[in-house]
Amino acid sequence: MNTFLIIYLIILISEAIISTILKYTWQAEEKWDEPWYNQKTEHQRNSSKILRFISDFLAFLVLYNFIIPISLYVTVEMQKFLGSFFIGWDLDLYHEESDQKAQVNTSDLNEELGQVEYVFTDKTGTLTENEMQFRECSINGMKYQEINGRLVPEGPTPDSSEGNLTYLNSLSHLNNLSHLTTSSSFRTSPENETELIKEHNLFFKAVSLCHTVQISNVHTDGIGDGPWQSNLAPSQLEYYASSPDEKALVEAAARIGIVFIGNSEETMEVKILGKLERYKLLHILEFDSDRRRMSVIVQAPSGEKLLFAKGAESSILPKCIGGEIEKTRIHVDEFALKGLRTLCIAFRQFTSKEYEEIDRRLFEARTALQQREEKLANVFQFIEKDLILLGATAVEDRLQDKVRETIEALRMAGIKVWVLTGDKHETAVSVSLSCGHFHRTMNILELINQKSDNECAEQLRQLARRITEDHVIQHGLVVDGTSLSLALREHEKLFMEVCRNCSAVLCCRMAPLQKAKVIRLIKISPEKPITLAVGDGANDVSMIQEAHVGIGIMGKEGRQAARNSDYAIARFKFLSKLLFVHGHFYYIRIATLVQYFFYKNVCFITPQFLYQFYCLFSQQTLYDSVYLTLYNICFTSLPILIYSLLEQHIDPHVLQNKPTLYRDISKNSLLSIKTFLYWTILGFTHAFIFFFGSYFLMGKDISLLGNGQMFGNWTFGTLVFTVMVITVTVKMALETHFWTWINHLVTWGSIIFYFVFSLFYGGILWPFLGSQNMYFVFIQLLSSGSAWFAIILMVVTCLFLDVVKKVFDRQLHPTSTEKAQLTETNSSIKCLDSMCCFPEGETACASVRRMLERVIGRCSPTHISRSW
């Protein structure tokens, strides 16, 4: 819009310069410079020619300044603000389970929803439900899964006599513990059983203590009285956590029998095998995206100082010096291949001297006045080392409904989808396959575990060669956070070349700031695509704010993402309606609004410019000042405003079911220079018809009135203005596809209002007006049959050319949207297409008849009204 405005400023200045030059060229002849009826004063004769030239130039600028549509910006802001309410009112975007409707936090980006080329989405809570369920764990190198609230080693369960034998043979070194199954037929030796109980005890103790979970005040008597049992009623304990992972793990430990039952400022209470134990909470080392782990330091009832840590395997395993590290690493990879989210658990025991040193360092770092965060990070690194690995947990987070269908629809619409997640590589790939982001037939390329710039660059070149050599298979790219940092450091162009040729990209082990960097990289690429980011948590805020359009999911991780986003929805599946329907409609409406405003202002001012050739460039205005003021405010404002709010050029269900229609409006096609030139040339053409049609009607010395009186210059200007108001209003009617009673009211009402106002304005002598130029002019004009004939002829001539062009375009070069409109005419929804949109085989006259039927009210209201 700003580009178009600059072009029109150039047109304005050019017209003013041309008019000024021609004025002085004309006045070079003495008879025109100072005619007998308009003698100059002495002051005018002696004034500076340069000052007179500048004065005349400024006068022409004032005369032609209405070509700049100042009211366009007001109308656009009204359209954006009022139009944004339709998103909140859309019942298809309402989520009944959570009682959440779509929210619009900014109305300035409505049309951007129709131009999205890249979608960047988080995984957890965005593609998934963010409802974690504990499934499996690895304790000291042994894998277990939870079945019906019992911890069972992986393998056949002892449900039959044959199964019991197999189960016993596979666990000859462990056998079946009382807390692992309810079968009383199997017992290990007391020593082994005691040792295993200690291992499991310590593992789940770490799970129950290393967290920031809060608990409601409930009765805890009788909870956890039996060893390793699962008799907890859901109503007895209710945990609250900022992270669903923590809640799922604490609940799983409670089902196993180690129950976290509350905490205060300094103590954490846990029931272990029916025995209440109080641990003094000494320090919490909070989770951050750089460390990717959290830790707590507690004092056990025996007086031991213990550190319990949990985090991603990439942040825990390198810090471990003991435990079954390799076996646990294998188990974590196996969990990840199943799409489970994994965490590793470790601990460390401090001596009194070590703890004193740690306590002192933490105190100094937390009370530092400068570089506090850096000092805390260094202290955390010092503390979280020399760990003993206890095991790993695996929780499941199922996909939301219709995620696969939504991603496939986005792909059909020509939108590239990138998944940016902090999960492990195997977990992320598994989820991408299950949600349809990656296809089974897709060739998956990997850029992971790169250690140096040279290694990363060589890998990128190999990937680029593979993509170039293979022109058939679709490619998907997997990048991890470490490799991404190397790629963005010195090889941005090469990395972007690989990404652009991939149908889907998955970035795993991503830090929040890395997500924002990836989006910024795409934004500043030569194509300058419109980007959209979707996330649900506080760690997604940076990428939501970096993208052109930010979508917040109102999930279970608070409202940070929703509050910092441009739009907020309850589920990922709502993204398809938001883009394909609302985005499509908003873009069509705003694009037509902008082009139409420039068109009608060209129609308005060009006759004023042409008139100067017939009045010796004397700066005489063609229109009355009241008409100049009210043209954009009253006579032509409402039809385009209502169009920009209600227009539905195609049924919403068709748009949502045919995502390929989104491609028709991509790349800002309706606001391209080609379309802009069409509307501008159309405006100049209509303006020439208005002016010269009226001029040839009145140009000779003939009387068009019954009493022999001739028309004057005000009557000529009023005739041009009348033809113009009718033409630009009916032109808006031709552009309208979706007619409601409001459209009829403002379209035909605007024309009727112009006639009524002109009769009233010109029929009375107004005492507060300085001149009465328009008195009886309009009434005199309408009393001439020739004037009525000229008005009708010029309006039909102007619009006939436009209608013919539309008909030929639809027949010879129809877009996918226009083809969908043709098929839609056989549906149950009528009155959708305008008089220029008609089914194949139907004549234009039949379409005009259908338009007239709408005007006289034969169109059924039940067909017009359509609920969102």
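For all residues, glycine too, the Cβ spot is worked out from N, Cα and C.
Automated prediction, rather than curation, is the source of TrEMBL annotations.
Taken from TrEMBL, the feature transmembrane segment applies to 6-26, 53-74, 676-698, 710-734, 746-769, 775-801. Here TrEMBL flags Asp122, Thr124, Asp536, Asp540 as Mg(2+) binding site. Marked as active site, 4-aspartylphosphate intermediate by TrEMBL: Asp122. Annotated ATP binding site per TrEMBL: Asp122, Lys123, Thr124, Glu246, Phe287, Lys310, Arg341, Thr421, Gly422, Asp423, Arg509, Lys515, Asn539, Asp540, in sequence order. For 562-815, the entry in TrEMBL reads domain 'P-type ATPase C-terminal'.
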Given the binding-site residues Phe287, Arg341, Gly422, Arg509, state which is nearest to Asp536 (Mg(2+) binding site) when distance is taken between Cα atoms.
Gly422
Does Gly422 (ATP binding site) have same-chain partners at least 6 apart in sequence with Cβ under 8 Å from its own Cβ, and which are they?
Thr124, Ser289, Arg292, Ala312, Cys508, Arg509, Met510, Ala511, Asn539
Far apart in sequence but close in space: which same-chain residues, 6 or more away, have a Cβ under 8 Å from Arg341 (ATP binding site)?
Thr124, Met132, Asp245, Ala394, Val395, Glu396, Asp397, Asp423, Thr427
Measure from the CA atom of Phe287 (ATP binding site) to the CA atom of Asp122 (Mg(2+) binding site) and give the result in Å, rounded to a whole number.
19
Can you work out the mean pLDDT of the predicted model over the domain 'P-type ATPase C-terminal' (562-815)?
88
Quick one: of Thr124, Asn539, which of the binding-site residues has the smallest count of other CB atoms within 10 A?
Asn539
Under 8 Å Cβ-Cβ from Phe287 (ATP binding site), six or more apart in the same chain: what's there?
Arg293, Met294, Gly311
